[in-house]
Amino acid sequence: MIESVPDQVINTENFKSCKMQTSSVLVCSVILLGGSLAYGQLSPTFYNETCPNVTSIVQEVIVQALQHDSRIGASLLRLHFHDCFVTGCDASVLLDNSATIQSEKDALRNNNSLRGFDVVDKIKSALEAACPGVVSCADLLTIAAERSVYLAGGPPWTNLLGRRDSTTANRTLANLNLPAANDTLDQLKARFTNVGLNNNTDLVSLSGAHTFGRARCVTFISRLYDFNDTNLPDPTLNSTYLTTLQKLCPQGGNESVLANLDPTTPNGFDNNYFSNLQIHYGLLQSDQELLSTTGADTIPIVNSFTSNQTVFFENFIVSMVRMGNLSVLTETSGEIRLSCRRVNANLAGPSGGGGGGLVSSI
């Protein structure tokens with residue numbers, strides 16, 4: 001598990017060097033666009049010889065999917081989050097139910113919520129056609145997350161590659177580890193710390209992924225009518241925004257109706273998520289908690305990202321790479337799945353199906 005860099009907002013104009021955090025772990029304070037960070041057995045050149053077009057193949061499928069599904073980029077990014085937060089970035093989230101596997105797709109935060117599995121299947125098929133048995137599903141998710149951000153107007157970065165795929169899933173751990181839409185700041189901090197991320201800059205940076213995508217009414221309706229069993233709305237909600245959301249999600253209505261996580265630029269990757277928090281337009285409780293929790297150390301980070309999109313992008317890259325390195329399988333551990341839905345030993349059997357970032361229906 002990768003060590004955390006110092007808990008501070010990173011500005012690439014001031015931090016451009018790597019340093020030793022321990023005797024064996026090299027940590028870069030920042031990754032410039034187009035730069036790279038070497039960690040363990042992962043490398044930005046891992047597929048240079050075996051599948052040199054891997055990134056363009058992944059991007060082509062995403063571009064095609066975006067033509068009829070504007071949410072798919074956010075959904076693919078969320079799949080990467082929900083993968084890494086359980087047993088590490090090992091594509092366990094993609095496994096269907098089987099005689100030996102309880103799928104993480106049926107975990108509380110994932111069931112009828114995670115999506116994009118069909119696009120993952122298409123990406124995997126394209127990769128298998130070009131480079132049979134070479135690219136792992138874990139690396140597929142990592143690349144798809146970065147390309148999804150880039151295609152939505154966000155920053156590109158160089159991924160470290162060479163992950164292998166798990167042969168198991170852990171639904172119990174998924175229920176414990178994945179952030180919830182109604183988490184308090186303390187709960188969010190605990191979840192990030194538990195998986196090896198820092199609980200301030202990483203938390204705020206990765207929450208910024210809610211700058212695009214959608215969430216179902218069920219994930220925030222308690223804020224509109226009965227916040228914390230008070231029979232009153234969440235007092236941190238902007239009153240105009242509250243009225244808008246109550247019209248969209250009436251009591252007793254369809255709780256599967258979707259709302260934009262970012263009402264300003266719902267399909268673009270930018271820093272408007274943080275601007276929305278400033279005027280109390282955070283859709284989820286877990287969003288608004290970052291700014292509205294009195295005395296929180298996340299407040300100055302939100303303020304910094306609000307005022308400077310470049311600083312947000314720089315920190316988002318660092319946190320994404322750090323998250324992407326959590327508990328990875330390399331070398332002879334795990335396998336390279338030929339189907340992302342099943343372990344190789346089960347390819348001859350029927351699929352058991354399965355359900356369906358950070359915490360919403362993006």
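Each residue, glycine too, has its Cβ placed from N, Cα and C.
The disulfide bond recorded by TrEMBL for CYS340 joins it to CYS137 [selected from CYS89, CYS131, CYS137].
Between CYS217 and the candidates CYS131, CYS249, TrEMBL records the disulphide bond with CYS249. Separating the Cα atoms of ARG78 (site 'Transition state stabilizer') and VAL86 (Ca(2+) 1 binding site) is a whole-number distance of 13 Å. The record gives ASP83, VAL86, GLY88, ASP90, SER92, GLU104 for Ca(2+) 1. Within 8 Å of the mean position of their Cβ atoms, the other Cβ atoms in that chain belong to HIS82, CYS84, PHE85, THR87, CYS89, ALA91, VAL93, SER166, ALA169, ASN170, ALA174.
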